[in-house]
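*Asks:* Grabbed the feature section from Swiss-Prot, which reads as follows:
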| type | residues | note |
| --- | --- | --- |
| BINDING | H130, D132, H214 | Fe cation binding site |
| SITE | V150 | site 'Important for reaction specificity' |
| SITE | A232 | site 'Important for reaction specificity' |
Amino acid sequence: MAPMIPPRLQRFPATASADEIFAAFQEDGCVVIEGFISPEQVARFSQEVDPAMEKIPVEVTNNGNSNDRTKRFSKCVIASPTFRNEIIESDLMHELCDRVFSKPGEGMGYHFNDNMVIEVQPGAPAQRLHRDQELYPWWNSMGPAGPECVINFFCAVTPFTEENGATRLVPGSHLWPEFTQINERDCPQFGKIETVPAIMQPGDCYLMSGKVIHGAGHNATTTDRRRALALAIIRRELRPMQAFSLSVPMKLAREMSERSQTMFGFRSSVQHCDVDMVHFWGNDGKDIAHHLGLEAPSVHV
């Protein structure tokens, strides 16, 4: 049987230390960070992606598909200057990513998997419960002791309420002894899982382990379009969902910080192995940035 689930979400202001937030993340697998994005940034970002979101049709499938009455948009870095110049430059985000993925002397241990606006429309059904690490199917076989494969900074762009489909989280599920497919009837917890809604104001986010069971809630309203920004980050050894370095114009890439260029695949991540320096996503043993004509990095990231 699974251990008792704490019926709460720990919450911290964005001014809290990364160590405090990370300790709660380790304990529960998910934690709310209040004010992760400023109100001004949220307003500008939402306005900048509005034109693209309006062009996306609303699908009504009624078949359990995760796109049922849910819009998704993954070109935030192109559509939003606020996103690429401010939101992804959060030092707190990178401090937490370092604690999850990076090791001393091994450089930047992570990059973006996806950046997605997710807008749950009125009447959208609840999403099936799942773990994000199931994107990489073998990861569940390692159980709770396995390394983190993916984390998500899931940011509220509009208010998250229980009525409009706030994400349902299962704190503590990252420590369950068995990581079986939770929607299968042979799962010991099938039909018995207690979820907690992530109630948030615009600018708040929850940081979630890829091991945590969760799913979007049912939007029972007739008017609310529950909009979120998902910043999904994976360990550098894994292939991302989005081919950013092939789809983002070089003009925009040149304007990014070295850190963001690495996050999107315009720079290699460097690992020191014994006496060698290994480039992940490199070119002929060198940093891919040289091939792309970018300036040499001031430090190895």
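Our numbering is plain: 1 for the first residue shown, then up by one each step along the chain.
Each residue, glycine too, has its Cβ placed from N, Cα and C.
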*Asks:* Can you give me the Cα-Cα distance between H130 (Fe cation binding site) and A232 (site 'Important for reaction specificity') in Å, rounded to a whole number?
*Replies:* 15
*Asks:* Under 8 Å between C-beta atoms and at least six apart in sequence, can you list the same-chain neighbours of V150 (site 'Important for reaction specificity'), or say none if there are none?
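*Replies:* Non-local contacts for V150 (site 'Important for reaction specificity'): N113, D132, Q133, L135, Y136, G210, A232, I233, I234, R235, L238.
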*Asks:* When you measure from the Cβ of A232 (site 'Important for reaction specificity'), how many other Cβ atoms are you left with inside 10 Å?
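*Replies:* By my count, 22.
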*Asks:* If you count CB neighbours within 10 Å, which one among the binding-site residues H130, H214 has the smallest count?
*Replies:* H130
*Asks:* Around the Fe cation site formed by H130, D132, H214, which additional residues qualify by having Cβ within 8 Å of the site's Cβ center?
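*Replies:* In sequence order, the nearby non-listed residues are L129, R131, E134, M208, G210, V212, I213, G215.
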